[in-house]
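Visitor: What follows is a single structure, and I will ask about it in a moment.
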Amino acid sequence: MIDLKLLMNDFEEVAERLAKRHLEADFLEQARLLAGQYKAKKRESEELQAEQNAKSKLFGQYKKEGKEIDSLKAELDTLKIRLSEILPEVSVLERELESLALIIPNLPDEKTPIGRDEHDNIEIRRVLEPKMFDFRPKEHWELAEQNGWIEFDRGVKLAKSRFSVLRKEGARMSRALISYMLDFNHSRGFEEVVTPVIVNRETLLGTGQLPKFENDLFKISEVIEEEQGGEKGRGHELYLIPTAEVTLTNLYRDEIIPHDELPLLLTAHTPCFRKEAGSAGRDTRGIIRQHQFDKVELVALTKPEESDAIQQKMIDCASDLLSSLGLPHRLVQLCGGDLGFGASNTVDIEVWLPGQNCYREISSISNTRDFQARRAMIRYKDEDKKNRLVHTLNGSSLAVGRTLVAIMENYQNADGTIEIPEVLRRYL
């Protein structure tokens, strides 16, 4: 959540930074008007309360000195009535402003270039040269069917479209990749964590998936049958996680972390679940875009002054992991129009897929600054014993299915067989 004080006191700066995202002008105008109304009502209520306090003090003094108090009492009664009217108005406006703030995206920082969509992203550098094949490289779904690694029809039979079944070396390779990724991340200083994959609503509010992206989530409605506190049959909203970013970040929700425990560097493997509501017609073949997929995530909680350096550490970790697998890739700085909701800046890592003859995203490393920490109330106690918001960062290291795709396409032979990267062989 953006800083409401900044929204109210320096709206022009907020609007200028959000302009990088090409938000609709009507939405920003609504935010400006609501912030103005709240600020005016809040100021009026504070002035009335100050006047009430002053006159209450005077009332006590007059009464003690035996002075006439009837007119002063009448003024206090009027102030009391006015405050009883305005304070609920302030509360309503505050709730409306907080609700609006929950759907306002993060402010892009100075690293984020101006641009409307992915075509305006800026390539930073390329790592490893793509292999030149002396035959037409096949796409991963062709190789999967030929080798019996992935069964698409059976995935649909078991669930629906965008589900699949890994078999034989495909299943073993996926398991090997998960173990290798976790070991690699651990070697770079990230603590391995195992978290739930089902979470409550508050957890998703903390990292920003709710309320704006509820349609992208798989929701579970649990009814508690046993009587709890005299309430029977109470419903409880639960969701399947779209990424381990959600659970790793919210581990510290509503907590104050000692400054000497920062930075916290965490990694976890989880299955992830997404409805992909806005992806109809995109990547309908293969396993690039699935409703259920495995991912190994990196999350960091840091002091504000350390977050840029930690973001670079995370970028290097994911890039070096790809390099260790011999997979060509490039780093791309996302423009404002392509930036995720919670990110202040993002570097995408895109892996080369020779079968598709293009680079495809395999990791996004984002610095959210204090956006998520403010929503989730994750703070740390600094050296002066003051509570401050941490910065949170997240990124994949890596998306397992897409890494499997990249290995299949980059390590294929002319006869359709697939070599195994050397670093994975001890895991198989």
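For all residues, glycine too, the Cβ spot is worked out from N, Cα and C.
The L-serine binding site feature in Swiss-Prot is assigned to T243, A244, E245, E297, S396; the stated evidence is sequence analysis. According to Swiss-Prot, the feature ATP binding site maps to R274, K275, E276, E361, I362, S363, S364, an assignment based on sequence analysis.
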Visitor: Could you name the residues, excluding T243, A244, E245, E297, S396, of the same chain that surround the L-serine site, i.e. Cβ within 8 Å of the Cβ centre of those residues, in sequence order?
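Guide: Residues close to the L-serine site, other than T243, A244, E245, E297, S396: V246, L248, A268, T270, C272, K295, V296, L298, V299, N394, G395.
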Visitor: Which ones, of the binding-site residues K275, E361, I362, S363, S364, have a Cα no more than 10 Å from the Cα of T243 (L-serine binding site)?
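Guide: None, since no candidate lies within 10 Å.
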Visitor: Look up S396 (L-serine binding site) in the DSSP assignment and reduce it to helix, strand or coil.
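Guide: In three-state terms, S396 (L-serine binding site) counts as strand.
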Visitor: If you draw a 10 Å sphere on the Cβ of S363 (ATP binding site), how many other Cβ atoms land inside?
Guide: 29
Visitor: Give me the largest Cα to Cα distance among T243, A244, E245, E297, S396, the residues the record lists as binding L-serine, in Å as a whole number.
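Guide: It comes out at 9 Å between the most distant Cα atoms.
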Visitor: Whole-number Å distance between the CA of E245 (L-serine binding site) and the CA of I362 (ATP binding site)?
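Guide: Counting only the Cα atoms, the answer is 15 Å.
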Visitor: Just to be sure I understand the packing, how many Cβ atoms besides its own are within 10 Å of the Cβ of E276 (ATP binding site)?
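Guide: Excluding its own Cβ, the number within 10 Å is 14.
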Visitor: Take the C-alpha atoms of S364 (ATP binding site) and S396 (L-serine binding site) and report the distance between them in angstrom, rounded.
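Guide: Roughly 6 Å, rounded to the nearest whole number.
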Visitor: Let me know how many other Cβ atoms fall within 10 Å of the Cβ of A244 (L-serine binding site).
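Guide: The answer is 26 other Cβ atoms.
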